[in-house]
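> Mind having a look at this structure? Questions to follow.
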Amino acid sequence: MDRGAVVGFLLGVCVVSCLAGTPKTSWRRVSVGEDVSLLPAPGPTGRGPTQKLLWAVEPLDGCGPLHPSWVSLMPPKQVPETVVDAACMRAPVPLAMAYAPPAPSATGGLRTDFVWQERAAVVNRSLVIHGVRETDSGLYTLSVGDIKDPARQVASVVLVVQPAPVPTPPPTPADYDEDDNDEGEDESLAGTPASGTPRLPPPPAPPRSWPSAPEVSHVRGVTVRMETPEAILFSPGETFSTNVSIHAIAHDDQTYSMDVVWLRFDVPTSCAEMRIYESCLYHPQLPECLSPADAPCAASTWTSRLAVRSYAGCSRTNPPPRCSAEAHMEPVPGLAWQAASVNLEFRDASPQHSGLYLCVVYVNDHIHAWGHITISTAAQYRNAVVEQPLPQRGADLAEPTHPHVGAPPHAPPTHGALRLGAVMGAALLLSALGLSVWACMTCWRRRAWRAVKSRASGKGPTYIRVADSELYADWSSDSEGERDQVPWLAPPERPDSPSTNGSGFEILSPTAPSVYPRSDGHQSRRQLTTFGSGRPDRRYSQASDSSVFW
């Protein structure tokens, strides 16, 4: 029998038989040296045709320790299942064959026609193995069929043979402490071998009844309890949900936040089982977790989250889900939240939904509980094993395993992308508006500068400002005495020797009664005195137009 046939046979035993309503596969653990009775045959059929009963075994002693998992078949029904690598299995070996209804025999029960193992026998319609050994571990099956028809498997059991426990020797008199008082010494002397009476161990003291006292709890923080099915098998097109139960118990009055995070890992068909390294859940950045040796079949670290439901402001009096909640989920076709709970709902499930799902509970950003569920079809099912130690580091740096999120080809934009687009658009609009205002101000200032420069060119009289009254009306008086009487009306004194280090600017001081043109149409020429960059021993006088620059 090739390996494919062996795997198909196992799946038929573990899955198809359960779906067809036949007895489920059971697990049994025994110790070396015991006599084991397995797989009782169906009772006598009376007038029915004679049936052939066949017991066989598929050895699993080369597959290492087996880890059964509880698989949900049409919840809440659960059965223990596992997937065994075909490379470690051997061909099925027949053990015994009998016929029913039984023919009378000297020992009673079924008359066994063939027995292929010296330690096997059929007693009271059951297969009995005398003095089991570790090599007897395997998958035992019972098949029933007519004489002319092929046999049909009706029951199976996985037998795991463990080493026998080491017997502890009975206590000796030396194991008991002797009293230090004189009476104890007399008793020990009286019980010496010389006296001929061996010393007997003291009788056990009767249990003392302590008065009941109220329990005092010193626990602080939050305790989280989680219950998850280890596996869920579905058929394409079904609608089902994860049956996860989470209970958070607060031991003090402090507020806390809780996040329920769902992760998904692909399960390659080349893997006989998936390994979940618990240490990597708490320390995902370790080198062993980033590049495990069995990377395709290991759930060690991740880069994204499938779904998150966050609770904030929770306390002892306001536990989840009563505290404020916020949910986020990647857009995956056929996947949604089950109402307002922490469970996932699969609608019209397809084989693409198969995988290893992890549910991790964070309290104040620290892991408090986690569980795993293998969700797949019967053909894609692989067992998941939790490993406590760190994985072995791979020789080459492999890409870390991470949850796979299958987004649709044209996924709608999320709210975060919409908000980012709105902010970017507003920023661009404000930038364009600011540039427009800056350009207008620059153009206006340039035009104003040209106008002022043209007025100062000296081509003709230019009046920057026309006042409605004479600016120097008080200075236009011919009476020098009047100016002397009012000190603050006196014109500024002219220095006789201006500084030779002047800035080059001309300070114009009026000396005429008025600086405005006369009404008869001609311009008045008034004497103006200029101070500036001339030599200190010389005073310059020049005539200027009747215009003043402010």
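Placement of Cβ uses the backbone N, Cα and C atoms for every residue, glycine included.
Here the structure is a predicted model, which means the values were calculated and not measured.
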> If you check Swiss-Prot, which of Cys271, Cys289 bonds to Cys280 via a disulphide?
Cys289
> Among 37-62, 63-88, find the range that Swiss-Prot records as region 'Interaction with gI'.
63-88
> From the disulfide entries in Swiss-Prot, identify which of Cys297, Cys323 pairs with Cys314.
Cys323
> So, by DSSP, how many helix, strand and coil residues make up the region 'Fc-binding' (235-380)?
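Result for the region 'Fc-binding' (235-380), in helix, strand, coil order: 15 helix, 66 strand, 65 coil.
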